[in-house]
Each structure stands twice: as structure tokens, then as C-alpha cells.
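Not my notes, these are from TrEMBL:
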TRANSMEM  27-50  transmembrane segment
DOMAIN    43-292  domain 'G-protein coupled receptors family 1 profile'
TRANSMEM  62-84  transmembrane segment
TRANSMEM  104-122  transmembrane segment
TRANSMEM  142-160  transmembrane segment
TRANSMEM  200-223  transmembrane segment
TRANSMEM  244-263  transmembrane segment
TRANSMEM  275-294  transmembrane segment
Amino acid sequence: MVDLRNGSTVTEFILVGFEQSSSSTRALLFALFLALYSLAMAMNGLIIFITWTDPRLNSPMYFFLGHLSFLDVCFITTTIPQMLIHLVVKNHTVSFASCLTQMYLVFGVGVAECILLAFMAYDRYVAICHPLSYAQIMSRHVCVRLVSTAWFFGLINGILLDYMTFRGPFCRDNHIENFFCEAPIVIALSCGDPQFSLKMIFADAIVVLLSPMVLIVISYARILASILGRTSSSGRGKTFSTCASHLTVVIFFYTSAMFSYMNPRSTHGPDKDKPFSLLYTIITPMCNPIIYSFRNKEMKGAMVRALGRTSLAQAESI
């Protein structure tokens, strides 16, 4: 019998991931996820570069977009490289400290992205509904403060959620049925009563997911009312096109995050958790730059100019 007062007897965890798959399946998954990870890093890196260097993209929308891509780079880097390593090696062990650190980064960056998406919706609302006051309301100073607020609450929230996850001792099974340390799964391995921690994480998810979503819904409700009040069909189409990219990203991110952290654990299982975990850890960060670049002429032009400058620089160096 383990005395819970002596603390955890578990000093490391085993990420099951895709361990039960055949070697050929793991090889295929490695090639697929490596390609997706490389593509996500390259596209988000390009967006970061052009939004921070191209003077033609000197507006709050692209300022936020650059930071969204930076968050996506941080987000996928905390989980996918480790998963790729575990697909080719037999040792899937991670230390207690590594699991805690990974979970903190996933929480911190994920919450920061939720808040940033809400601020991006507010930016669209001001641009469409109050165009004459847009430059004054969304000044550079305000944009920096909004991004800093997203990072601050994300990192502080990560501390709270890490504490709620690891507050109890661990002396049961140390196998995590996922490819990274996800809080609800880790809590289920605790020796103590997991219900309090699960309820706290559920309550936190309501705050950090639903509160920004309320701001997003209110912003787009007012945008819709403003669009419908216009007589020009071309103006409506342009406004819809501007907002469609952001709405698509919001739907992708929030759907997967809400399923992972706001559903009862009884409805979960490895076959259900992994697809949604993959959706918000790699698919969404990869789709974000595609969605924004394909639907935005200014982004397309900036990418062409950036790639053209790179090609010219390479030609001159030869």
C-alpha cells in the first residue's frame, strides 16, 4: 500500500501515442506528420517574416496575424517533434518535469491564442463598424497591449492548470494514452480524487474558451448587422471575404479545444482523443496560414514579393 503523504511514486510517464500501430503504419505516420510539421513551420515562418518586414502590411490586422503565426509555431513545436521521435524509437518515456513543462507550454500558448482570436474579431468589428475612428482606437500602442494581455493571461493560466493537474500524488499506471501530456488524461492517473481537478479545469475551460467566444460572437453579430445595412453588394462581398478567414480559423480551433477540455471524460477514449488532439496541435496551425493567405490578396502579394526577394538574393550570391 502506498502512503499518499509520501508523495508520488511515479517519476516518469510513458506516452503510448501510436505505439500499438504496426511498423509500416508508424513509418507512414512519421512521413505524413513530418511533412505537415515542415509545411506548418515554413508557412507560419513566412507569415511572421512578411508581416513584420513588409511596410505594406503595416496594419493591426497583420500585426495580430503575425503574432498568431508565432503562437502556432510555439504550439506545434511543444508537441510534434516529440511525437516524431517517438514514432521512430521504442523508448516513449518522458520525465515528470518534462511532462509538466510540456503541459504548461500547451496551456499557456493555447489560452493566449484563444484570447488573441477574440482580439482579432474585435479588430475586424472596429475596422468595419467604426472605420473613421479605426486608426485612433486600434493604435500601435493598443495592439501591443492587447497582444501582451493575451500572453500574460495565457502564461498565468498555464501555472494554474499545471498546479491543478499535478497537485495530487501519482502512484498508479504511468501510461498516457496520447502522444503528448494532456491534462485530463494525466489527472486520471492520479492516486487522489481526480474530480476536483477535472471540475476546476472544466470551469477554467468555460472561462478561457467561452469568454473570448462571447466577444467573437458579439463582434460578428454587429459586423453582420452593419453588412446587411449596406446597399452595395460589392461592399458586402468584400467585407464577408475579410471576415471569413478569421471565422474559419476560430471554428477549427475552438471546436477541437472544446471537445478536448469541455466534454465529460466518460465520453472520451484514445480513439476519440487522438484525432481531436491532432486537429488542434498540427492541423489548425498548418491551416491558419493557408486560410489567410489564400483568401487575402495583400497576403498573396506580400508572399510573392518576399519569395521574389529571396530568389534575387540567391541569384546575386551565385
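Each Cβ is built from the backbone N, Cα and C atoms, and glycine gets one as well.
Bear in mind that TrEMBL entries carry predicted annotations, made automatically and left uncurated.
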For the transmembrane segment (104-122), which stretch among 27-50, 142-160, 200-223, 244-263, 275-294 has the most Cβ pairs under 8 A?
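Selected stretch: 142-160, with the most Cβ pairs under 8 Å.
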Do any residues of this chain, six or more beyond the ends of the transmembrane segment (142-160), have a C-beta under 8 angstroms from a C-beta of it, and if so which?
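For the transmembrane segment (142-160), the list is 60, 63-64, 67, 103-105, 107-113, 115-116, 119, 204, 208.
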